[in-house]
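Asks: Below are the features I grabbed from TrEMBL:
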- K102: active site, proton donor (ACT_SITE)
- K66, K90, S344: substrate binding site (BINDING)
- T185, N216: NAD(+) binding site (BINDING)
- D142: site 'Important for catalysis' (SITE)
Amino acid sequence: MNALAATNRNFRKASRILGLDSKLEKSLLIPFREIKVECTIPKDDGTLVSYIGFRVQHDNARGPMKGGIRYHPEVDHDEVNALAQLMTWKTAVADIPYGGAKGGIGCIPKDLSISELERLTRVFTQKIHDLIGINTDVPAPDMGTNSQTMAWMLDEYSKFHGHSPAIVTGKPIDLGGSLGRDAATGRGVVYATGALLAEYGKNIKDLTFVIQGFGNVGAWAAKLIHEKGGKVIAVSDITGAVKNPNGLDIAALMNHKEATGALTGFSGGDSMNSDELLTHECDVLIPCALGGVLNRENADHIKAKFIIEAANHPTDPEADEILCKKGVVILPDIYANAGGVTVSYFEWVQNIQGFMWNEEKVNMELEKYMTKAFHNLKNMCKSHNCNLRMGAFTLGVNRVARATMLRGWEA
């Protein structure tokens, strides 16, 4: 089942639990605007090449639309649509005043030079600059993009609209980026994990963790869990997997990866088959990489008691049902990885005020938002007698539906 079908399915379930009017339900699913642009750039060798860029703006009932821009060969209309919709519910779950959007360009970033990437980003920005805005739609980095991409977007947008630091988030610190933004998603995952475990009378420091994906989110989550005394016993990324039953030294592993570009060959652990990582014996499994990694093939063999969805849509609906029957507790992505968009919101607020916060304040506010969102989510689970995923979806959908009705959607 693809991401769009799964997201729609979760939305429809939540809407049934909430008893939404069928017309309102239909209107909440329809995106506000879908943009498709041709981005033609000269390559370094002088030849012309054209890429297709998308931006789907899903809903703005609760505030400006917010979501990442990804550069990836598999960027297609359906995927962007699903991710835009997911952002609408995610911002509502975190209770930040945004709607959802998502965009991307179908390209292979590693095959492009820095100057080609810059030209592509600038052309894309030129094509959409009058459809995004500080109070309309605020992009951010995603797969294949980074703070440099945001710096180019900011510069290109500012040529048309004057200096506008709040137009994008995830910027370099020197251009108005927020302290703590780099670690935000991983840190949010750890706060979310702490809140869930406390509900079961458990603590991070007493448990073992397996982390799939050692990019920005996975590495930060591993580092912060390690600092809190949790035992990270296995991690993997596209280069391979490494395990140590006594716990990996995460700082040393990060240094090793930086030096060699791979996890394999790390002296503080044994290499293992990446395919076996998800079914490795542990208390808490944290998938931080791609979607659909937990499916009906491997769900029966998962040994973790808790799964924290740091990636977007890592659990297929079939796996979801199998794991629920086994009594595995799954903390859903639309809450678990909302730390990134929450600190993006803090960055936007700082830019609008022209007053920057220190890192301690950013982290303190993030913890406050993640903890409050967890308690709101749990209350939804209690009042509707549902699991955490439906608790999160009903919380998000209900907030957007209320805002839509208050604004007068039938007029």
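In case you wondered, yes, glycine gets a Cβ from its N, Cα and C as well.
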Asks: Sequence order is fine: just name those recorded positions in K102, D142, T185, N216 with a Cα within 10 angstroms of K66 (substrate binding site).
Replies: K102
Asks: Between the two most separated Cα atoms in K66, K90, S344, the residues recorded as binding substrate, what distance in Å do you get?
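Replies: Farthest-apart Cα atoms in K66, K90, S344 are separated by 13 Å.
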Asks: I'm trying to understand the geometry here, so how far is the Cα atom of N216 (NAD(+) binding site) from the Cα atom of S344 (substrate binding site), in Å to the nearest whole number?
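Replies: Given the Cα positions, N216 (NAD(+) binding site) is 15 Å from S344 (substrate binding site).
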Asks: Going by Cα-Cα distance, pick out whichever of the recorded positions K90, D142, S344 is nearest to K102 (active site, proton donor).
Replies: D142
Asks: Test of understanding: give the count of other CB atoms lying within 10 angstroms of the CB of D142 (site 'Important for catalysis').
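Replies: Other Cβ atoms within 10 Å of D142 (site 'Important for catalysis'): 22.
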Asks: Measuring Cα to Cα, tell me the gap between K90 (substrate binding site) and T185 (NAD(+) binding site) in whole angstrom.
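Replies: K90 (substrate binding site) and T185 (NAD(+) binding site) have their Cα atoms 13 Å apart.
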Asks: Identify, among the binding-site residues N216, S344, the residue whose Cβ has the fewest other Cβ atoms within 10 Å in this structure.
Replies: N216
Asks: If you count Cβ atoms within 10 Å of the Cβ of K90 (substrate binding site), leaving out that atom itself, what do you get?
Replies: 28
Asks: Compute the centroid of the Cβ atoms of K66, K90, S344, then list the same-chain residues not in that set whose Cβ lies within 8 Å of it, in sequence order, for the substrate site.
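Replies: Output for this site, in sequence order: G67, M87, T91, A94, I96, Y98, G100, A140, A338, G340, V341, T342, Y345.
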Asks: In whole Å, how far is D142 (site 'Important for catalysis') from T185 (NAD(+) binding site) when you measure between their Cα atoms?
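Replies: Rounded to the nearest whole number, the Cα-Cα distance is 12 Å.
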Asks: Distance between S344 (substrate binding site) and D142 (site 'Important for catalysis') at the Cα atoms, whole Å?
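Replies: S344 (substrate binding site) to D142 (site 'Important for catalysis'), Cα-Cα distance: 12 Å.
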